[in-house]
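Chemist: Handing you a structure now.
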Amino acid sequence: MPNFSGNWKIIRSENFEEMLKALGVNMMMRKIAVAAASKPAVEIKQENDDTFYIKTSTTVRTTEINFKIGEEFEEQTVDGRPCKSLVKWESENKMVCEQRLLKGEGPKTSWSRELTNDGELILTMTADDVVCTRVYVRE
């Protein structure tokens with residue numbers, strides 16, 4: 001199993017604002033979120049092969065999640081709505097998470113994290129058919 005642990009810095013981002021728009025985030029909040037998310041600090045701690053802590057810090061907000069592969073947990077969608085999430089291994093180097101809103105209606109959301117052979121961490125976030133890709137390297 002790969003080790004996702006480390007402090008990660010972003011090197012590339014595609015479609016982040018488009019994904020926020022698909023989630024219904026208004027233009028003013030999108031501009032703030034895009035600026036804040038341009039340099040997130042991401043810390044991942046992995047215990048054994050299946051227990052994770054992920055902290056993402058920006059100038060606007062910090063999120064922390066703790067989860068075990070295969071066990072449902074509560075978190076928030078990227079636009080802050082409460083949801084139930086379930087993470088599974090899709091391959092040896094890639095975890096995928098399906099999210100289910102706790103209240104209300106909204107686009108179907110999910111995320112995945114994959115370690116590449118050259119050491120990059122690829123975060124993919126989806127809102128219905130809009131896909132955002134963010135690429136990180138270890139600091």
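Cβ atoms are placed via backbone N, Cα and C, with glycine included.
What you are looking at is a predicted structure, and each value in this text was computed from that prediction instead of being measured.
Pulled the feature table from Swiss-Prot, pasting it below:
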BINDING   R134, V135, Y136  all-trans-retinoate binding site
CROSSLNK  K103  SUMO cross-link
MOTIF     21-31  motif 'Nuclear localization signal'
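Set these features in their place in the structure for me.
Modeler: Sequence-distant neighbours of V135 (all-trans-retinoate binding site): residues of the same chain at least 6 apart with a C-beta under 8 Å from its C-beta are I10, I11, R12, S13, E120, L121, I122, L123.
Around K103 (SUMO cross-link), the same-chain residues at least 6 positions away in sequence with a Cβ under 8 Å from its Cβ are R81, P82. Mapped onto three states, the DSSP output places K103 (SUMO cross-link) in coil.
Here the motif 'Nuclear localization signal' (21-31) has a mean pLDDT of 94 out of 100.
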Chemist: DSSP on the motif 'Nuclear localization signal' (21-31): how many residues come out helix, how many strand, how many coil?
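Modeler: For the motif 'Nuclear localization signal' (21-31), the helix, strand and coil counts are 7 helix, 0 strand, 4 coil.
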Chemist: I want the residues beyond R134, V135, Y136 whose C-beta is within 8 angstroms of the mean position of the all-trans-retinoate site's C-beta atoms, in chain order.
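Modeler: In sequence order, the nearby non-listed residues are W8, I10, I11, R12, S13, E120, L121, I122, L123, T133, V137.
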Chemist: Measure from the Cβ of Y136 (all-trans-retinoate binding site) and count the other Cβ atoms within 10 Å, all protein chains considered.
Modeler: 22
